[in-house]
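**Q** Dropping a structure here in structure tokens format, bear with me for questions.
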Amino acid sequence: MTAIHTVSLLLNGTKHPSLRRSQRGAEVLCSPTNSLTGHTFRESASPSLFPSSRWVPGLRWVFVVTPTYRRVTQRLDLTRLFNTFALFANVHVIVVEDSLNRTAKVDNILGSSLLLHWSHRYIKSSRRLKVRGSEQRNEGIRAIREIVFGEADAELRNAYEDAVVYFADDDNAYDVRILDELRKVRNVGTWPVALSGRKIAERCEVDTSTGRIKGYNSALKWRPYPIDTAGYGLHVRYFLKHEPPLMFNPLSKIYHLESDFLKMTNISKYDFEPLADNCTKVYTWHVSSDIKWGRKKPPLDFDVELDI
Ligand SMILES: *[C@@H]1O[C@H](CO)[C@@H](O)[C@H](O)[C@H]1NC(C)=O
């Protein structure tokens, strides 16, 4: 078991109110496991750490931005997603609903999850957009800027400024090791996404003599950056100090959203960092939960009487 995993289990334990004994703002030592990990937990009065005030100094923060919308599999997908990202310390999940308000449904799913740090935002998609999710991801980026720039705790703010940002769609499946890869990202890191683009995996190909990316195995190879949303992570500085801060273009043409976005980094796709053992390991799968309704559609009021 790695140190990170040990810490994660511990932190989940600390979510239980009876285990939150220390004073806010005080440094907390958790024995006996702390002697195993060498990690020290801190508590901070920062509102950005809602719902828990705990974090681990020295462990990179990861901001996970997840757009979501109402459908019969929404709770199923969000439950699986939160179950994965709740296993880690220093992960802040920003859920952005495509809706006119914050729904009680998503609020309840978040509230009953084991996530330590999350934000819940919403923005209704403009009409007739070709590509869904871009305005929600941009709202997630605005949330990150608010969290980082609004942070009064200097140590926490420093830690945030070295964070990694991941755009994790709500219906993918994630191996826990994706977090280890995210935390290695210096500028832009990339890794395989399985079952994406009618391929077993879309992924980078590494030149074994140089260790650099020499190409991408993907559907629609003509895309300037032929990478799935789940296949890259970026340093948070692209959203803080970069001028202008990276944003998705809601008017991007279909299949061009990622390329238009990644182009703004001014980094060649060959200079991205090949992660997940030189893009040979799959830690994320592009899946769409399907329900067996044949040609029928589930009723729109599917969750009025049943919390599904
Ligand atoms: C990736 O490939 C480079 C070049 O062949 C090699 O030096 C390096 O050890 C590889 N990294 C991993 C994690 O396999």
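Cβ from N, Cα, C; glycine included.
TrEMBL annotations: computationally assigned, not manually curated.
Since we're looking at a predicted model, the values are computed, not measured.
Here's the feature list from TrEMBL:
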ACT_SITE  Glu258  active site, proton donor/acceptor
BINDING   Asp171  Mn(2+) binding site
CARBOHYD  Asn278  N-linked glycosylation site
SITE      Glu202  site 'Interaction with galactose moiety of substrate glycoprotein'
**Q** Cα-Cα separation of Glu258 (active site, proton donor/acceptor) and Asp171 (Mn(2+) binding site), in Å?
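**A** Spelling it out, the Cα of Glu258 (active site, proton donor/acceptor) and the Cα of Asp171 (Mn(2+) binding site) are 18 Å apart.
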**Q** Just checking: which of the recorded positions Asp171, Glu202, Glu258, Asn278 have a C-beta under 6 Å from ligand 1?
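**A** The qualifying recorded positions are Asn278.
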**Q** If one measures from the C-alpha of Asn278 (N-linked glycosylation site) to the C-alpha of Glu202 (site 'Interaction with galactose moiety of substrate glycoprotein'), what distance in angstrom results, rounded to a whole number?
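**A** So the Cα of Glu202 (site 'Interaction with galactose moiety of substrate glycoprotein') lies 13 Å away from that of Asn278 (N-linked glycosylation site).
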**Q** Including all protein chains displayed, how many Cβ atoms other than that of the residue listed as 'N-linked glycosylation site' lie within 10 Å of its Cβ?
**A** 16
**Q** Just to be sure I understand the packing, how many Cβ atoms besides its own are within 10 Å of the Cβ of Glu202 (site 'Interaction with galactose moiety of substrate glycoprotein')?
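**A** Around Glu202 (site 'Interaction with galactose moiety of substrate glycoprotein'), other Cβ atoms within 10 Å: 26.
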